[in-house]
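S.K.: I'd like to ask some things about the structure below.
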Amino acid sequence: MNREERLARQSRIRNFSIIAHIDHGKSTLADRILEKTSALTQREMKDQMLDAMDLERERGITIKLNAVQLVYKANDGNEYIFHLIDTPGHVDFSYEVSRSLAACEGALLIVDAAQGIEAQTLANVYLALDNDLEILPVINKIDLPSAEPERVRQEVEDVIGLDASEAVLASAKNGIGIEEILEQIVEKVPAPSGDPEGPLKALIFDSLYDSYRGVVAYIRIVEGSVKPGQKIKMMATGKEFEVTEVGVFTPKPEKREELTVGDVGFLTASIKNVGDTRVGDTITSANNPADEPLPGYRRMNPMVYCGLYPVDTNDYNDLREALERLELNDASLQYEPETSQALGFGFRCGFLGLLHMEIIQERIEREFGIDLITTAPSVVYSVQLTNGEVQQIDNPSNMPDRQKIEEVEEPYVKATIMVPNDFVGAVMELCQGKRGIFIDMQYLDENRVQIIYEIPLSEIVYDFFDQLKSNTKGYASFDYELIGYKPSNLVKMDILLNGEVVDALSVIVHRDSAYERGKQIVEKLKELIPRQQFEVPVQASIGTKIIARSTIKAMRKNVLAKCYGGDISRKRKLLEKQKEGKKRMKAVGNVEVPQEAFMAVLRMDEPKK
């Protein structure tokens with residue numbers, strides 16, 4: 001193609017993504033757009049076409065990004081090339097959203113006509129505004145009996161400040177309003193700007209591992225062009241590769257001779273390691289490199305850690321292989337081997353958030369068939385020692401002695417909760433109970449409120465989301481972002497069995513809630529650990545101070561059964577002998593904690609306040 005042809009093609013490209021809260025109908029709308037532009041034949045079409053993973057279809061959520069090229073014949077007679085980039089809506093994957101938005105010029109904002117604006121919708125809209133995208137509001141699900149499109153239209157104007165007078169009223173399920181949406185994309189979303197002749201700049205917004213071709217990078221070309229045989233360089237790592245093939249997704253991958261400005265597609269270059277194609281990194285040409293990378297790249301740091309151990313210790317190597325494979329596709333997963341006296345060999349893994357953690361666990365159990373035990377999730381604490389050194393602690397058993405600690409800081413998040421008026425009291429009570437600091441409250445309209453709190457991440461990790469949903473009958477929506485570290489009065493609590501510390505059950509807790517939590521755990525263990533021949537104390541301690549205790553009573557053998565009548569001194573001799581034996585047993589006895597007891601303690605919910 002010469003320069004004129006390239007520019008003419010570039011003016012007909014529209015790159016857009018779809019932003020929505022979970023369950024507002026994003027994947028269904030994507031399906032309708034694919035149908036309307038006849039990207040797929042009727043035979044190939046299935047629901048949630050862009051959600052490839054079984055897990056995504058079951059939970060009805062989008063986890064990995066997908067990008068599709070579509071051709072649409074508009075009413076003005078021209079054929080336009082659309083690139084639809086599907087984004088996840090969940091808060092754990094907000095970095096994925098921000099990268100996919102950076103690859104677009106416009107975004108469809110989908111709002112449910114019955115539910116109105118939710119917390120995650122807002123969070124993603126702000127990301128889109130940060131990336132200077134043209135936002136087109138779409139009010140979806142107008143076929144519902146409870147739909148109130150006019151109220152929602154007003155809400156979009158009041159809460160977000162977008163002009164919603166031209167918002168399309170649509171029902172993705174019934175295919176209403178789809179054509180209007182496509183026409184609006186043609187009219188309102190700007191074509192990509194960028195010099196097709198300039199040095200290559202391409203944004204990596206996702207990558208996956210293919211066992212035949214190595215790493216496949218999903219890219220958006222911002223400037224220049226790329227074709228097979230070209231030498232490319234990653235700007236974050238400085239590594240160089242030779243391109244083997246480029247192409248686009250129509251949802252199926254199709255090879256192309258070159259990708260130019262505005263194209264969204266894939267590139268392979270016999271890259272062996274997903275770590276080399278960091279998401280958000282810029283690809284440039286090795287011979288004619290760009291001066292500076294595209295802005296916005298940052299390394300993702302895990303927020304939540306937990307230990308993963310195979311139930312059957314022989315599965316350790318399989319678990320390592322499973323994690324290696326998942327890491328190929330998921331750059332934000334981190335893991336390192338660790339051992340626990342109680343659970344044997346396993347891995348300490350870092351995740352972006354709780355949903356991310358659950359999904360990884362489920363994928364290991366499903367795709368690799370390994371049964372797992374997971375330890376309680378913990379966050380990264382910053383510990384300042386008396387000698388001035390600062391340590392980052394993600395595992396409670398690595399916490400230094402109390403005498404050496406100057407202060408402990410823990411990560412706080414800013415939580416935005418949207419909730420109907422009736423539940424404001426319940427939500428505020430929950431947040432206060434989780435050591436939340438009240439920041440702000442706004443009434444969005446006569447029946448919905450936005451409440452903002454600062455809450456320690458460790459409290460959210462535990463079971464905040466479940467409690468929020470149950471306290472508000474499922475009506476609250478919730479979004480959080482990390483704001484930094486604050487000092488807290490935190491202590492490490494150990495659980496002792498027969499005087500021995502069980503390392504897998506150590507937790508870091510706030511001093512005020514240590515007694516409650518300790519008492520709960522020892523009571524639970526008392527129920528679940530089988531009785532021994534000798535009595536076993538179960539204790540919770542902070543340092544050397546025991547704060548809670550319960551005792552598993554001994555099983556007793558009746559040694560007097562063989563004395564029919566007879567002298568008291570004879571009986572006493574037998575009882576003394578038994579007592580000696582029990583004492584010796586207790587000194588050398590070892591108490592095994594059964595698997596179920598671990599699972600029960602780690603899954604233990606806090607008492608409802």
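In case you wondered, yes, glycine gets a Cβ from its N, Cα and C as well.
Worth saying up front: this structure is predicted, and the values here are computed from it rather than measured.
Annotations per Swiss-Prot:
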BINDING   D23, H24, G25, K26, S27, T28, N140, K141, I142, D143  GTP binding site
DOMAIN    11-193  domain 'tr-type G'
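Help me picture these features in the structure, burial and contacts included.
M.R.: Taking the Cβ of N140 (GTP binding site) as centre and 10 Å as the limit, one finds 31 other Cβ atoms among all the protein chains shown. Taken residue by residue with DSSP, N140 (GTP binding site) is part of a strand.
Across the domain 'tr-type G' (11-193), mean pLDDT in this model comes to 72.
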S.K.: Using a Cβ-Cβ cut-off under 8 angstroms and a sequence gap of six or more, which residues of the chain neighbour I142 (GTP binding site)?
M.R.: A113, P149, L169, A170, S171, I176, G177
